[in-house]
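The ATP binding site feature in TrEMBL is assigned to A:Lys13, A:Leu14, A:Gly15, A:Gly16, A:Ser17, A:Gly54, A:Asp181, A:Gly225, A:Lys229. Summarising the annotation, TrEMBL assigns substrate binding site to A:Ala53, A:His58, A:Gly160. According to TrEMBL, the feature domain 'Aspartate/glutamate/uridylate kinase' maps to A:10-247. The annotation site 'Transition state stabilizer' is assigned in TrEMBL to A:Lys22.
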Protein chains: 2
Amino acid sequence: MALENRHVDCIIKLGGSAITSKQHLEKANTQAINIAASHVHEMTRKCVIVHGAGSFGHFHAKKYNIATGFNDTDFEQQRIGFSQTRLSVTKLNHIIVQALIEKDVPAVSISPCGLWKTTDRSVTSTFLQPINDLLRAGFVPVVHGDAVIDTSLGCTILSGDTIIQILAENLCPKRIIFITDTNGIYDRPPHNDDAKLLRYISVTKDGKVTNEIETSQLEHDVTGGVQTKIASAAHIVSKCNIPVHVVKLGSAAAWKLLDKGELEESDIATTITLQESEYPK
Amino acid sequence: MALENRHVDCIIKLGGSAITSKQHLEKANTQAINIAASHVHEMTRKCVIVHGAGSFGHFHAKKYNIATGFNDTDFEQQRIGFSQTRLSVTKLNHIIVQALIEKDVPAVSISPCGLWKTTDRSVTSTFLQPINDLLRAGFVPVVHGDAVIDTSLGCTILSGDTIIQILAENLCPKRIIFITDTNGIYDRPPHNDDAKLLRYISVTKDGKVTNEIETSQLEHDVTGGVQTKIASAAHIVSKCNIPVHVVKLGSAAAWKLLDKGELEESDIATTITLQESEYPK
């Protein structure tokens, strides 16, 4: 791990649910995006931002089956669908970059399409040089979930969570912060009266979550987002030994984490780390 | 030259003057862009589109001296200026890609920033794989003049004309079409009563224009665009022996050229080719 001359301290994931109105097609939550931009402005740290698509992109991706690749029957229409998906996610990316620049954050958009390729939906080719170059020059790269070329399926969707995993492995940041629309990870869907926020989650070296999280209930989570988020975080923690924090956009915990780089005992958030016994001696 | 399995027949340059209102900051000429999109839709050929910035990007690039690189005194502000320049040109790019998709052209944006680098304002590093991959998959890549990282100056502006030259050398298209707001290249600025359209311009192998073009008058052209355009075209013609056509957006010549791939004697346009005696025997 290239810990010397580190060009990035933090990777920030802006969750699609936090920055868009998921129920309304292509509706950005501009108030939330402005708060997120203020979060980043407050940081003195070098960071990369990765954002989800929320209500951008998903509609077109689903209509044209972009995630599962091209098929023989409606290939021409799928190509248009691929283009529409990209146009939609870059529209959101543009709104976010604009909000960041308005807060004096030198943000530069980097789209994965063309640079990242998959084979059977697994990432097999990346090109991280642009992100490194921009970081070295003092910019804040803004990457996003995207429609990409898949060498076996023709095309697929590359999620922001997958991007985060690969960036974590290659850029070795000190921490990763998922900025979301919830206070953190709960032991069951937060709308349940008895749901408890998990302040700490620990992960074994082989990526298993050791906390008692009621997975069966999580599986019924309509958004499907929490389980993916935990899996993604567990992967990062186990593979890179980088702590992952999940905080609510605009919360005191988010401000503190971004400003100071750490949380206090009283802060409401979830921190996911490697199980203590698993740390290298 | 990889003439077999050619993935591109034509490179189209959409001139900034043709697709924006140059006098008004960030004002796209949507009618012109829709005509350009229809032009591309009519094509049966594989193409790459490169567009200029027109009234997008230039204001910020000039204000913050992006073309001449970072300086020590206002580095922080210049970084914001770089980000603003990129945001502005990608805004125009987004409008163009959207217009293309609305005409059922499977357009995909590819921004040079991060992929292309310069040293002392000369291109020293490119990454053309995304353009090749997208062409192979049947998409129409849409590239644009951009703010880029310069390894000696920190940053600079990469013009659409420079991009065209490098794409021509690497993709070996059958022809290059500059779609502009004039009928072609004149022997002096077109507002002169006695200006004559040059139907043909021939170029020697070492890049010299053999026609009698009154260069001294061209130098007074307020836009500065014609001379650059001739120089760029002459470079392509001499280095790659690829014909360059200059046509007016929406003209009969433009429709014919894009539809059939060639012009007739009666068409009003300029065709720039290698001097006959210079063709390989």
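Any Cβ shown, glycine's included, is placed from N, Cα and C.
All features noted in TrEMBL, drawn onto the structure.
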residue: A:Lys13; record: ATP binding site; contacts (Cβ under 8 Å, 6+ apart): A:Ile49, A:Val50, A:His51, A:Gly52, A:Gly160, A:Asp161, A:Ile164, A:Ile176, A:Ile177, A:Phe178, A:Ile179
residue: A:Lys22; record: site 'Transition state stabilizer'; contacts (Cβ under 8 Å, 6+ apart): A:Gly16, A:Gly54, A:Ser55
residue: A:Ala53; record: substrate binding site; contacts (Cβ under 8 Å, 6+ apart): A:Gly16, A:Thr20, A:Ser88, A:Val89, A:Leu92, A:His144, A:Gly145, A:Gly160
residue: A:His58; record: substrate binding site; contacts (Cβ under 8 Å, 6+ apart): none
residue: A:Asp181; record: ATP binding site; contacts (Cβ under 8 Å, 6+ apart): A:Gly15, A:Ser17, A:Ala18, A:Ala32, A:Lys248, A:Leu249
residue: A:Lys229; record: ATP binding site; contacts (Cβ under 8 Å, 6+ apart): A:Asp161, A:Phe178, A:Thr180, A:Ile185, A:Val246
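Same-chain residues with CB within 8 A of the center of the A:Ala53, A:His58, A:Gly160 CB atoms, the substrate site residues themselves not counted, are A:Gly16, A:Gly52, A:Gly54, A:Phe56, A:Gly57, A:Val89, A:His144, A:Gly145, A:Ile157, A:Ser159. A:Gly160 (substrate binding site) is surrounded by 23 other CB atoms, counting those within 10 A of its CB over all protein chains shown. Comparing the binding-site residues A:Gly15, A:Ser17 on other C-beta atoms within 10 angstroms of each C-beta gives the minimum for A:Ser17. Once the Cα atoms of A:Ala53, A:His58, A:Gly160, the listed binders of substrate, are compared pairwise, the greatest separation found is 13 Å. Secondary structure from DSSP puts A:Lys13 (ATP binding site) in a beta strand.
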